[in-house]
């Protein structure tokens, strides 16, 4: 009887741990917004190249987005942020990773299907 109770307790603990990991897995839009806020002026057409702080944020975000869930969450957040910023030039936005020396596993575009990002 005690053995069955101990087994159930272990199973409950494992399920709880998996749920905690799953909820923390994806990058938040707050993280994406914070990392990329230094890029807004450039994305609106100001400057010939992204500022150093912008590239630092892009690199930090690329390093944090390792799992498929992270990449898909970042993709969705990028699209949401792009629609909320007035005067944004998507041509400049799509070129930011390359200008910062960062490889991104999906095109930065409003037409990107974030569910297909891996």
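Backbone N, Cα and C atoms are what each Cβ position is placed from, and that goes for glycine too.
Swiss-Prot lists 1-25 with the feature signal peptide. Per Swiss-Prot, disulfide bond is recorded for 29-77, 39-54, 55-100, 75-114.
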Which of 54, 55, 75, 100, 114, the listed disulfide-bonded residues, has fewest other Cβ atoms within 10 Å: 114
Position of peak Cβ density within 10 Å, selected from the disulfide-bonded residues 29, 77: 77
Cβ packing number for residue 39 (disulfide bond), 10 Å threshold: 23
By Cα-Cα distance, the member of disulfide-bonded residues 54, 55, 100, 114 nearest residue 77 (disulfide bond): 114
Residue from 39, 54, 75, 114 whose C-alpha is spatially nearest that of residue 29 (disulfide bond), among the disulfide-bonded residues: 75
Cα-to-Cα gap, residue 39 (disulfide bond) vs residue 55 (disulfide bond), nearest whole Å: 8
Residue 54 (disulfide bond) to residue 114 (disulfide bond) - Cα separation in whole Å: 22
Three-state secondary structure, residue 100 (disulfide bond) (per DSSP): coil
Alpha-carbon spacing, residue 55 (disulfide bond) to residue 75 (disulfide bond), which is rounded to whole Å: 17
